[in-house]
Amino acid sequence: MWRAGRAALACEVCQSLVKHSSGVQRNVPLQKLHLVSRSIYRSHHPALKLQRPQLRTSFQQFSSLTNLSLHKLKLSPTKYGYQPRRNFWPARLAARLLKLRYIILGSAVGGGYTAKKTFDEWKDMIPDLSDYKWIVPDFIWEIDEYIDLEKIRKALPSSEDLANFAPDLDKIAESLSLLKDFFTAGTPGETAFRATDHGSESDKHYRKVSDKEKIDQLQEELLHTQLKYQRILERLEKENKELRKLVLQKDDKGIHHRKLKKSLIDMYSEVLDVLSDYDASYNTQDHLPRVVVVGDQSAGKTSVLEMIAQARIFPRGSGEMMTRSPVKVTLSEGPHHVALFKDSSREFDLTKEEDLAALRHEIELRMRKNVKEGCTVSPETISLNVKGPGLQRMVLVDLPGVINTVTSGMAPDTKETIFSISKAYMQNPNAIILCIQDGSVDAERSIVTDLVSQMDPHGRRTIFVLTKVDLAEKNVASPSRIQQIIEGKLFPMKALGYFAVVTGKGNSSESIEAIREYEEEFFQNSKLLKTSMLKAHQVTTRNLSLAVSDCFWKMVRESVEQQADSFKATRFNLETEWKNNYPRLRELDRNELFEKAKNEILDEVISLSQVTPKHWEEILQQSLWERVSTHVIENIYLPAAQTMNSGTFNTTVDIKLKQWTDKQLPNKAVEVAWETLQDEFSRFMTEPKGKEHDDIFDKLKEAVKEESIKRHKWNDFAEDSLRVIQHNALEDRSISDKQQWDAAIYFMEEALQGRLKDTENAIENMIGPDWKKRWIYWKNRTQEQCVHNETKNELEKMLKVNDEHPAYLASDEITTVRKNLESRGVEVDPSLIKDTWHQVYRRHFLKTALNHCNLCRRGFYYYQRHFIDSELECNDVVLFWRIQRMLAITANTLRQQLTNTEVRRLEKNVKEVLEDFAEDGEKKVKLLTGKRVQLAEDLKKVREIQEKLDAFIEALHQEK
């Protein structure tokens, strides 16, 4: 016990000593400090200089488990025991800090290099999208100039607001730990997850296949999108061309327009373009010269043409058909090597690879656009102009390659179509046939040589070209075979000249310069030239180009004047026919007639806005009543009128009117308004305009009317607004003056008399002719009509006895009528009695209602004063006044919608339809027909061709 007391006293002494010596109270225990921080803390803290490093000293020295003496608590000598430790702690601290710095620096350098390497790998995996920049409109790249990012940044929420919406990560971690515990406990779901993991490996092949299908689908969608925008671009270019033509034709006073002089070959190319359209329209063929390039598929036609044009301008494929439609290439000399299409103003710089790729892509798109669905090739021609220094002036037509077998994916008639296209061009007696033959294949496999020999058996306009001579020299065992081909002894055909060319090593990425150098180098070192098997003027594409150009212009000078004379005769015949048949009419072609019809149609649409409001409301009110009168009388008035008191009548009417207004009435009103607008529009479009009316526009006007009506849709909010207006109108029961009362009675009488007339006709058809018609017109009743007549007479007797008989017959009354008829020898069925009763009672009721209507003429005073007179209750008059007022208000509302909105929307639809028809040439040909239109079209085309031919001939003579 005394030891424990001494130990406690010693602890208190130590604690007080430490507090007095330190002067600062610590909040953090020393054990919780870092190792380095603890050493610094010991060295600098004045209290710790007086203590041992071990804080458990008190416990160790004064515990009951030890027998150590108290003399160890002497404090004075202990302060010198820490002197060596105080001398070395800065060195240890510096060593540790330096080690930490190297670790951090090394990690940063290694991590940065790894991150850069990973980023470069990811960057290489991303495909190059620069080829598709042209798809994105230009304004996308300039969009940052129109967006104020500062305003957007201010509109975005602050980081504090976003932090409030952030998920609670602690809760998510807790949920994930629970899920982990759940699955690690061996739940049944573990098996399912493992099965899924094993199944994922088996699905890899399916994923690869599906990814390939997605890529193919995206490529197909991209192609369709390109074709769509290609059509839009062509339409805009066509409009731009027409506007440019109008601007050039406009003769402004005081402004001198300089006439641009065209080259001779450009003028000739324009003549061929016009003739091509004329030939396609009238299924004829002109006889003007052009160079027709024919050959077997993959024989090198396109390569020869590219060597002549000195540019890789055509799309290429390894063994597959790439030329799907004829391509007319007009070569002319110019300072810059450029290409442009006939219907486009864009120039492709053929010295730039980007423009060359764009040109090839454009040609491929145009070919696909020309090919109709279900076909592989098309006879429609693509016209391309190529200008450049050193080019020989001529016009060449590249045709699809002749094939021997139709492969899968081709249309069944592909072979015949290619033959017919080739024959159509080669049948021209002035066409120069450039026959391309692959020298690397056996001559016996040639298809085109037989076709050429049929079209030009004497060889007066055929030039034979043997391609791939380098491969032929390597593969052919006997070089004399090539000599036989060039001399025209091997093939069963004749030609003006024979040429041998080399069009490269088969690499599509080769440039024209590289191919030309390879060709010259080959022929310089070739055994064929060294052994005089080939002559120098028969080799290289340059010599071929010069020879073809000379032959082309020789043909042009010999045949162009004869062609011009034939068109002069055609023009004279057409003009004479027009003067004899249409002496007082101008020669308007289809486009001019369409513009004239367009103006007439727009004038007729504007006439809709001239219709008076009174006329609109009258026809709307009348049409609406004709549409709803049956429902009002049969389903509202007649059921309510069967009641015996005023309260039940009004209740029934209000319920049925409310149901009718909520469901059917607004829709019926809109339908009536739309039909009324159609009728008025049709009336203005079809009514004759007197002697000036031209029936040639009737089909066009009818088509425009139908298409405009089909596109027009009434405003969606019209029914909702009408429902409120009609409901409020039907809720009003207060007739303010005698004039409105009389108008309601007149409206009611007119409606009931119409129904009574229909009922009388139904009864007459049921019972047959009366005695007057039987005597005058010699008509007799049938047996059934006689039975109906006897039944009617019996039922009328019943009504005379009881004028207030209800609407339905009781079973005993039916039995009584049947027995009375049987007593007179008339057998009748109960259903026949009911049918006859319906018409008889309906006539009786309508006559009673009309008599009551006459009584109510003088009942306005009682109604206005609210007198209760059971003998004169005019609730039915009030009902018809409510209906009449609803019709008037609805007609007024619909008239406002028509004049303010719908007429303008219809006019807009008509303009859109006319614009669509103006762009659709087939539609105009279908709608504007007749001998007069066709004759005007022929005259216009022939005049244009003759004018261009005369201008070309004049320029040709000047060049001589």
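Heads up, the Cβ atoms here are built off N, Cα and C, so glycines get one too.
Given the ranges 151-154, 359-362, 467-470, the record in Swiss-Prot names 467-470 as region 'G4 motif'. Checking the candidates Thr323, Thr330, Thr351, Thr376 against Swiss-Prot: the one annotated together with Thr302, Asp398 at the Mg(2+) site is Thr323. Between the listed ranges 672-682, 771-781, 804-814, Swiss-Prot ties the annotation intramembrane segment to 771-781. Your range for transmembrane segment, going by Swiss-Prot and the list 97-113, 539-555, 879-895, is 97-113. The Cβ of Ser298 has fewer other Cβ atoms within 10 Å than any other of the binding-site residues Ser298, Thr302, Ser303, Thr323, Thr503. Those same-chain residues not listed among Thr302, Thr323, Asp398 yet with C-beta within 8 angstroms of the centroid of the Mg(2+) site C-beta atoms are Val293, Lys301, Leu305, Phe314, Met322, Val327, Leu399, Pro400, Gly401.
The Cβ of Asp398 (Mg(2+) binding site) lies under 8 Å from the Cβ of Val293, Lys301, Thr302, Leu305, Phe314, Thr323, Pro326, Val327, Val329, each of these being in the same chain and 6 or more residues away along the sequence.
If you count neighbouring Cβ atoms within 10 Å for each of the disulfide-bonded residues Cys856, Cys874, the highest count belongs to Cys874.
The distance from the Cα of Cys874 (disulfide bond) to the Cα of Lys468 (GTP binding site) comes to 107 Å. If you draw a 10 Å sphere around the CB of Lys301 (GTP binding site), it holds 28 other CB atoms from the protein chains shown. Classification of Thr323 (Mg(2+) binding site) by DSSP places it in coil, neither helical nor stranded. The Cβ of Lys468 (GTP binding site) has Gly300, Asp438, Gly439, Ser440, Val502, Thr503 as same-chain neighbours under 8 Å, each 6 or more residues away in sequence. Under the DSSP three-state reduction, Asp398 (Mg(2+) binding site) is assigned to strand. Cα of Ser303 (GTP binding site) to Cα of Cys856 (disulfide bond): a span of 101 Å.
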